[in-house]
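Read through the structure below, which is laid out as structure tokens, and then see the notes.
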Amino acid sequence: MRSFRSLHLLLLAASAITADAVPAGSSITPPPPVEPVSLLSSHSNPQRPWTRLRNWVIESIWGIPKSQTSRPTAHDYSAPLQGSTRYGSDVVLRFRVQGLDEAEALTEATNILFLDVWASTTEFVDIRLAKEVIPSLLGLLPDSLQTAYVPLIDNLPEAISATYPARRSLGLNDQFMPSPSTRAPDLFFEDYQPLSVITPWMQLMASMFSSHARMINVGVSYEGRQIPALRLGRSSQPGESRPMILIVGGNHAREWISTSTVAYIAYNLMTRYGSSAAVTSLLQDYDWVLVPTVNPDGYVYTWDSDRLWRKNRQPTSFRFCPGIDLDRSWSFEWDGNQTQTNPCSENYAGEEPFEGVEAQQLAEWALNETEHNNARFVGFLDFHSYAQQILYPYTYSCSSVPPTLESLEELGLGLAKVIRLTTHEIYDVTSACEGVVIPASGDKSAKSLFPVGGSSGGSGLDWFYHQLRTRYAYQIKLRDRGSYGFLLPSEYIVPTGTEAFNAVLKLGQFLTEQDYPGIRNIDWESEYQVGDETPTQESTAFTDESHEEEGKDVTVDTDDEDDDYYDRWEPLKWEDQRPLGFRRRR
């Protein structure tokens, strides 16, 4: 309690001190730049009183001694001991699936053996299982699949352990002398962070950039934890109806990179306000709400007990199998009672729509914003991992075509292009239903598609697009393509975040050019962050021979003559809803 009071007082002090240090202007012309928090920067000139107090606040919260010149010791969040026991003999295999018969056989076999399907795309299915179960799985598969697999991860406990921050010793040979440009991301985004660090960090950022950021909660989890979010924006007319973009991560607890990525996006939006014309414009024209983890209970559980836990932590009808898949718990086209009724399944959707507490809480918050605060959702980004895909509605069915399909595809291709120009990583763009299916007979051009892992009704993506008529709604599956899966090393946090932040800027550009045509004079190309990676550096993509072949099928053109394609947009109008979707006005 005492430490909580101390933290609270420190944050209040930081908020009061920095209130006069943030830009006060509301015009599109950027006000004086807001300096981001610098945890280890040196000063050649005497510090002003508020600067000294600000640094004291940060030192007190982060535990950085004033005289320390080496990199601070990370928190000791070593891998749980249960990991080596629970996953001692587990491996991850990738199966190449061709045709409906193989897809159905693999789906049935994984259901019979209660296996954990890590990813399923039009090209492959990744499955985690114990080595001693491999013969049983192969015995249930047709001959064509008996040899159609390769190992992705052959030592799962070691891979799990590597994702936790390691305790670092600060010996004389390990000193790190920071440059004056050393900033908070060098520390916070150096490792994955537990919720006990993320929440105070969000509070600190909100207090430091209080002119355009504030901490909110969008709900309460089953175990009673707040679901924290950062709300960013600066309106010249308080209380006016403003378009809103919602960015969420951490629906599935084990997808740590999604949580870090949302935090990275929030950080860059906050710190670049005032110095970036694009970010300043976006925060003055739109409200942004960023939720690093929708599933705080599950996220905490991955740190304390089981790194690969996926669902939330609420009880089910089977006491030994808690948890509901929050991304199958939404009400639109919910089909959990038809597809997956086993509480032990990783995809268990509950016994009724919105049984997943956190999904229900987020939906209530969104509805309250639209009904009582005049909010209009115009963008929704739901970050997941892994597979490097940009998915648009609908998830529940490939036979239902979204009414704004052309616009969704156009912007989706634009997002993929920006990412590729940033770090040279390829993100596929497709319907969310195709993200979990394979074409009939292995023919990618075929129109008849069959699910690998069952229906995916009840997704948040479909709900925001259909129920709230969010114009641009995407589920983005981040890195990688299988080399590490859910266990992406921490050195990829910043490159992945850079990709995602540039994609967010592209979304903002798309919206701005639609909503303010010819008004906002912004050089968007100069605003994108430059990725640290080059084509010659190690890629996170799986590089077996068959995977290299699939890269040839990417349809996003990079020719300069086609650049203007990504900037064109033809508005489509909405009409009354039908039971299964919208009609597009001709």
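Every residue, even glycine, has its Cβ placed from backbone N, Cα and C.
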Listed in Swiss-Prot for the substrate site shared with HIS252, ALA253, ARG254, GLU255, ASP327, ARG328, SER385, TYR386, one of ARG242, ARG272, ARG310, ARG313: ARG310
Rounded mean pLDDT for the residues that make up the domain 'Peptidase M14' (191-511): 92
Secondary structure at ARG328 (substrate binding site), reduced by DSSP to three states: helix
Among CYS321, CYS344, the most crowded of the disulfide-bonded residues [Cβ within 10 Å]: CYS321
Between CYS344 (disulfide bond) and ARG310 (substrate binding site): CA-CA distance (Å): 11
ARG328 (substrate binding site): tally of other CB atoms within 10 A of its CB: 30
